[in-house]
Number of protein chains: 2
Amino acid sequence: MPLGKRTDCGDARYAGCVVAFSNNPSQHLQAALQSGFDFITAPLADPAYRRPAANSAVKGAQQPDFSVQNLLLISSKCSSQVVGQASEWLQPDAADADLRAESQKRLRAELDWASHLSMQAVILPTPPALNTANFAQALTHALAGQGNMAMWVTLPMIRPNATSTGARASQMQSSTDAGSVPEAASDHDSAGRLAEDTWEWWHQLRTLCSHPARLGLLLEVPTSLPSQQEIHRWLGEPVRALLLPTHIFLTNKRGYPTLSRAHQSLVSLFLQHHVQILMTGPSHHAVPGSSMGNGQQAVQANGPDIILPDQHPLQVYLEYASFLFRRLPTPEAQELMEVGYRDYLQAPLQPLQDNLESQTYETFERDDTKYSSYERAVHAALLDAAPRLGERHAVIMVVGAGRGPLVRASLQAAEKAGRAVRVFAVEKNPNAVIELQAMLIREGWEDAVDLVMADMREWEAPEQADFIVSELLGSLADNELSPECLDGAQRFLAPQGVFIPSSYNSFIQPITSAKLWNDVRNYDDQEHFETSFVVKLHNFSPLAAPQLLFSFQHPADRLPPDNTRFATLMFERPNEPSQLCHGLGGYFDCVLYKDITLSTLPATHTPGMFSWFPIYFPLQDPVYCPAGAAVHASMWRCTGAHKVWYEWMLSRPAPTHLHNPLGRSSFVGL
Amino acid sequence: MPLGKRTDCGDARYAGCVVAFSNNPSQHLQAALQSGFDFITAPLADPAYRRPAANSAVKGAQQPDFSVQNLLLISSKCSSQVVGQASEWLQPDAADADLRAESQKRLRAELDWASHLSMQAVILPTPPALNTANFAQALTHALAGQGNMAMWVTLPMIRPNATSTGARASQMQSSTDAGSVPEAASDHDSAGRLAEDTWEWWHQLRTLCSHPARLGLLLEVPTSLPSQQEIHRWLGEPVRALLLPTHIFLTNKRGYPTLSRAHQSLVSLFLQHHVQILMTGPSHHAVPGSSMGNGQQAVQANGPDIILPDQHPLQVYLEYASFLFRRLPTPEAQELMEVGYRDYLQAPLQPLQDNLESQTYETFERDDTKYSSYERAVHAALLDAAPRLGERHAVIMVVGAGRGPLVRASLQAAEKAGRAVRVFAVEKNPNAVIELQAMLIREGWEDAVDLVMADMREWEAPEQADFIVSELLGSLADNELSPECLDGAQRFLAPQGVFIPSSYNSFIQPITSAKLWNDVRNYDDQEHFETSFVVKLHNFSPLAAPQLLFSFQHPADRLPPDNTRFATLMFERPNEPSQLCHGLGGYFDCVLYKDITLSTLPATHTPGMFSWFPIYFPLQDPVYCPAGAAVHASMWRCTGAHKVWYEWMLSRPAPTHLHNPLGRSSFVGL
């Protein structure tokens with residue numbers, strides 16, 4: 001039973017609970033489902049069971065590792081509702097060679113068993129800080145198989161103190177056996193500092209495993225939360241579920257469990273990023289007034305005995321999570337429309353080279369925010385131009401008119417301004433021209449508008465334009481070649497004429513997004529790593545705020561202007577934690593006319609506008625950025641006789657190679 | 001005219017000199033050749049020529065960048081003897097946008113010109129420390145072409161002080177223009193520290209360029225030399241030539257140029273590593289007693305005027321270099337034999353799976369050092385066993401007898417020990433058995449030796465062996481499956497019997513070797529990056545001393561023993577400079593019998609033995625190891641039903657992915 005009915009949060013609708021080992025957990029599962037949980041997680045093997053060392057030597061390799069009593073058994077129809085948990089005692093990187101060997105063997109056997117049961121996911125123990133050679137090897141081997149079972153590594157959001165679950169990790173680190181990897185103190189204590197940050201544990205493990213798409217995180221929420229930066233960086237990582245132990249809950253006046261404000265924000269944040277919830281621990285809240293309550297105190301859900309009270313001991317926590325879920329801000333229409341596009345890579349449009357389809361025009365024409373801004377811009381420009389124009393009509397040329405939305409905006413603006421206008425609608429796509437003509441007839445605008453089928457760069461205009469109105473911007477402003485097109489149109493701009501838009505800026509920022517990077521890698525070639533993608537960035541985390549990249553102004557000072565650009569942006573991160581840079585996110589803003597602007601920058605995004613998603617420039621090899629280290633990114637806009645392309649690279653904290661040299665992998669045709 | 005006749009130093013035989021710009025440098029070339037130089041380096045363009053900025057705007061893009069007077073012209077027959085030098089004033093990363101643009105354009109034009117002249121190599125200016133975005137872009141573009149012209153980046157071995165050639169670099173770094181990359185002081189001054197080390201400049205540049213094989217180094221030798229570690233790390237980098245400025249020379253009592261002992265060692269070291277020499281600077285030594293001398297003082301070889309004295313002004317320096325070259329230690333026969341194998345990758349033998357060819361046996365049989373060690377080992381073992389054997393003959397089983405060298409060594413040892421022996425020669429390769437039989441007949445040993453065609457793991461021996469003698473070791477000791485074979489033979493070892501060899505250890509060390517890494521990359525697949533190669537390591541540089549990896553002993557304590565192994569080795573580098581780790585080099589030593597050992601470890605290499613080259617385990621992505629940072633490497637020996645394979649990775653200073661999981665790319669068949 002999902003937490004709520006809304007569909008914009010993906011798997012975050014679902015919540016589960018941790019149950020103790022049971023050979024046949026169907027009773028547990030039934031109890032959890034009846035109480036509203038959607039799934040349970042259950043140990044794959046009896047934690048008490050350790051195969052006697054003597055046995056293994058005597059009985060040889062032909063014996064199975066387990067007998068039927070020691071293993072989780074579920075029917076295949078339940079396999080989607082049970083997530084297997086590998087044994088927590090497993091220490092594949094233990095200093096003790098026997099324990100290490102036994103752990104490796106047992107881990108392999110448990111993963112095999114989970115796979116045999118067709119489980120969708122299996123939960124792995126917490127990696128022992130940075131010392132994870134054999135753990136990584138076991139996962140790499142398991143992930144090499146053809147299955148699609150996901151693996152969730154359990155990771156505390158902050159390092160537990162040595163007296164709690166962290167004891168094992170620190171004990172293992174202090175070992176000095178030749179077969180294990182104690183952290184050397186001599187190396188400037190850098191290992192020690194790194195081992196403080198559990199993100200580093202995760203990063204070490206997933207890198208050794210080669211960033212597998214099937215490896216995700218079960219992130220444990222602590223009582224004391226880390227900084228906002230340390231929380232937000234997880235949004236770009238493959239967090240599959242939040243582990244909420246009951247001990248992080250407070251008690252409200254009525255005896256119900258509640259979370260601190262900070263914890264509420266955190267849970268809400270992850271729910272909004274498709275992360276589901278997993279409850280664990282004994283119940284500390286027996287709710288007296290509950291209709292289903294039976295007064296039982298602190299029921300041990302994880303205990304060895306199966307207790308099935310009338311009410312599931314964790315149900316009050318589930319109800320609280322459901323309350324948080326239902327309390328999430330209602331998504332706006334624009335957001336709902338965009339849900340399907342979240343973190344979905346699209347090749348950028350090439351409107352100059354290809355002709356757009358009618359459907360594409362239609363989608364973009366729905367962006368009322370954008371066109372009303374254009375209408376206001378034309379209106380303001382007409383009013384300002386009144387002294388100059390005197391009694392004569394104004395000449396407005398809409399270049400790249402498409403199916404006519406800017407023609408409509410211009411005529412409406414002119415009407416509001418009380419100004420007679422002559423509009424030229426210039427469009428090179430013959431199919432769009434036909435639809436535009438139909439629109440003019442339909443609206444009775446045939447006399448007011450001259451329809452011209454031409455490429456604005458070649459058209460010989462019959463008169464000069466007072467206003468050249470265009471919508472040629474791409475996700476990075478200039479990436480659909482607005483500069484080259486408008487430079488080509490500048491020939492027919494009147495001396496005091498005005499371009500709408502008159503200027504635009506692009507911005508980039510380094511980002512973490514394991515999802516996008518993996519999707520690019522799935523193409524299995526270099527070409528896609530040297531291609532930019534339009535994408536509604538959602539599960540991502542910036543390493544720093546966006547910075548200004550390139551600027552363009554119209555009209556240009558001289559013709560032809562130099563439309564090549566180069567910039568190295570220095571993103572300082574003095575107080576930021578370690579993160580992995582998977583590439584650059586790009587945005588833009590533009591001035592339509594004076595103070596009438598449009599923006600796709602997160603901080604200044606034009607409300608309700610949906611025409612542009614951000615753009616993503618991947619890095620072939622993700623770059624590890626240590627805490628506090630600056631990121632320097634260089635980007636070039638290059639122009640050739642027949643194409644325009646971008647090249648990019650990072651030079652700090654570590655150099656990448658130059659991406660897309662000479663436009664070998666991607667370009668925009670002129 | 002090469003420096004000397006020896007052929008073991010490759011291109012190091014050749015020396016060149018730097019000449020000043022001349023439109024047609026044939027006179028310069030003739031003078032240099034007559035004086036014994038093999039080539040000259042000459043500026044590609046007149047350094048005084050800078051295309052007027054006004055011109056470029058007026059005359060448009062159709063004009064060539066140069067006129068004929070401003071460019072180096074050479075005939076194609078000279079192109080192998082002239083190395084072009086790009087202009088030193090080029091600053092493609094200058095803060096000033098005009099200078100930057102002009103430099104980028106000019107650099108492209110000069111490289112184009114050098115390519116047009118079919119030059120073998122062109123010399124590039126020193127990169128401006130870490131700020132090399134546009135320089136790297138220009139090189140990447142140039143290297144994307146189909147040509148094979150090499151590019152040598154000029155690099156001072158230590159950072160020049162600000163008053164000499166370093167002035168430009170430091171000036172550029174202090175700029176604050178938005179288009180350039182000043183090093184930020186806030187980032188823990190790490191950039192500042194890095195910029196002190198010119199190796200970092202090189203590393204930044206070649207990484208941004210994606211480690212191109214055609215990009216090499218012209219390494220300038222300073223007056224004050226850096227530490228030995230800082231010198232030796234260059235041996236693994238693609239140094240093509242040493243630049244020797246005349247000002248580093250001292251004057252001996254007779255007025256001749258000479259070098260300090262440290263400089264002599266350095267030059268000799270590089271000559272032994274195939275690095276040629278390039279002389280530059282004005283002559284400070286007019287040698288009075290020289291037969292060709294004319295008393296001219298300090299002739300300006302780099303000056304604007306062409307002066308052609310009887311003797312080339314740099315000839316005395318060339319003669320000194322020739323003296324150093326001729327003084328290099330005479331290579332031993334073994335070394336000369338190995339010259340052709342230096343840094344040449346070979347797939348390891350699979351003697352268990354494939355049958356060796358006669359030629360392969362023949363080559364290895366020539367290793368007298370190895371077989372005399374075996375003879376001494378058998379001899380000593382026979383003497384020690386005398387009390388146990390009493391009057392009876394000793395049973396020696398040579399397992400993997402091949403064409404019989406160990407049969408010979410055993411019989412000779414028995415004769416010297418005065419001990420009657422019965423030898424079993426067990427060999428599975430039917431062709432080798434035929435040759436072995438011929439040898440027995442030829443030597444009259446048919447009665448002393450029982451010839452058995454069998455796999456030792458399956459052979460039912462008619463009696464027990466007092467001694468089992470084998471030569472099954474590979475470059476990493478166990479990598480040709482000696483453990484599995486000898487375990488299989490252990491069934492027929494007498495209770496107090498002896499294995500020769502009785503134990504062996506493998507060792508690894510992290511190494512820099514740009515050459516080997518690039519050769520692996522040339523295969524253009526992942527498979528070869530997950531394969532080990534036998535290679536005579538020559539142009540390489542260790543990051544740390546080798547450490548013990550795996551050990552094996554025979555007889556095993558119990559059968560079958562566990563022949564899987566795992567180790568994480570921690571290479572501390574507290575005083576080492578920054579280096580790039582391209583993979584792991586592997587060696588071994590073994591105990592034949594008691595103190596009679598063999599070793600391929602550099603520090604303890606058995607003199608004259610040539611049967612084994614080291615082994616190289618590549619890393620797909622080379623790992624940057626900062627100064628002082630430890631390297632942690634993990635390696636597994638894995639065994640399956642039908643194969644044995646290695647898996648490896650680095651976990652510090654940065655994690656790599658696990659190489660060759662499950663033996664997916666390479667394995668040894670059982």
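Cβ atoms here come from the backbone N, Cα and C positions, even for glycine.
When secondary structure is read from DSSP and collapsed to three states, A:Glu471 (active site, proton donor/acceptor) falls in the coil class. The active site, proton donor/acceptor feature in TrEMBL is assigned to A:Glu471 (among others).
The Cβ of A:Glu480 (active site, proton donor/acceptor) has 23 other Cβ atoms within 10 Å, all protein chains considered. Taken from TrEMBL, the feature active site, proton donor/acceptor applies to A:Glu480 (among others).
Taken residue by residue with DSSP, A:Tyr361 (S-adenosyl-L-methionine binding site) is part of a helix. Feature annotation from TrEMBL assigns S-adenosyl-L-methionine binding site to A:Tyr361, A:Lys370, A:Tyr371, A:Glu427, A:Asp455, A:Met456.
According to TrEMBL, the compositional bias 'Polar residues' annotation covers A:164-178.
As annotated by TrEMBL, domain 'PRMT5 TIM barrel' applies to A:36-299.
Mean model confidence of the domain 'PRMT5 arginine-N-methyltransferase' (A:333-500) amounts to 94 (pLDDT, 0 to 100 scale). Here TrEMBL flags A:333-500 as domain 'PRMT5 arginine-N-methyltransferase'.
According to TrEMBL, the feature domain 'PRMT5 oligomerisation' maps to A:503-666.
The region 'Disordered' annotation in TrEMBL covers A:164-190.
Annotated site 'Critical for specifying symmetric addition of methyl groups' per TrEMBL: A:Phe364, in sequence order. Neighbour density for A:Phe364 (site 'Critical for specifying symmetric addition of methyl groups'): within 10 A of its CB lie 19 other CB atoms from the protein chains shown.
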Message: Please give me the CB contact count at 10 A for A:Glu471 (active site, proton donor/acceptor), counting all chains in the structure.
response: 26
Task: Note down the number of other Cβ atoms within 10 Å of the Cβ of A:Tyr361 (S-adenosyl-L-methionine binding site), including every protein chain shown.
output: 18
Statement: The recorded positions listed are A:Phe364, A:Glu427, A:Asp455, A:Met456, A:Glu471; by CA-CA distance, the one closest to A:Glu480 (active site, proton donor/acceptor) is A:Glu471
Message: Roughly how many Å lie between the Cα atoms of A:Tyr371 (S-adenosyl-L-methionine binding site) and A:Glu471 (active site, proton donor/acceptor), rounded to a whole value?
response: 10
Query: Around A:Met456 (S-adenosyl-L-methionine binding site), how many other CB atoms lie within 10 A of its CB?
result: 25
- request: Pull out the binding-site residues from the set A:Lys370, A:Glu427, A:Met456 whose C-alpha sits within 10 Å of the C-alpha of A:Phe364 (site 'Critical for specifying symmetric addition of methyl groups').
  value: A:Lys370
Field: A:Asp455 (S-adenosyl-L-methionine binding site) - helix vs strand vs coil (DSSP)
entry: coil
Task: Note down the number of other Cβ atoms within 10 Å of the Cβ of A:Lys370 (S-adenosyl-L-methionine binding site), including every protein chain shown.
output: 23
Message: To see if you understand the setup: which same-chain residues, six or more apart in sequence, place their Cβ under 8 Å from that of A:Asp455 (S-adenosyl-L-methionine binding site)?
response: A:Lys428, A:Gly488
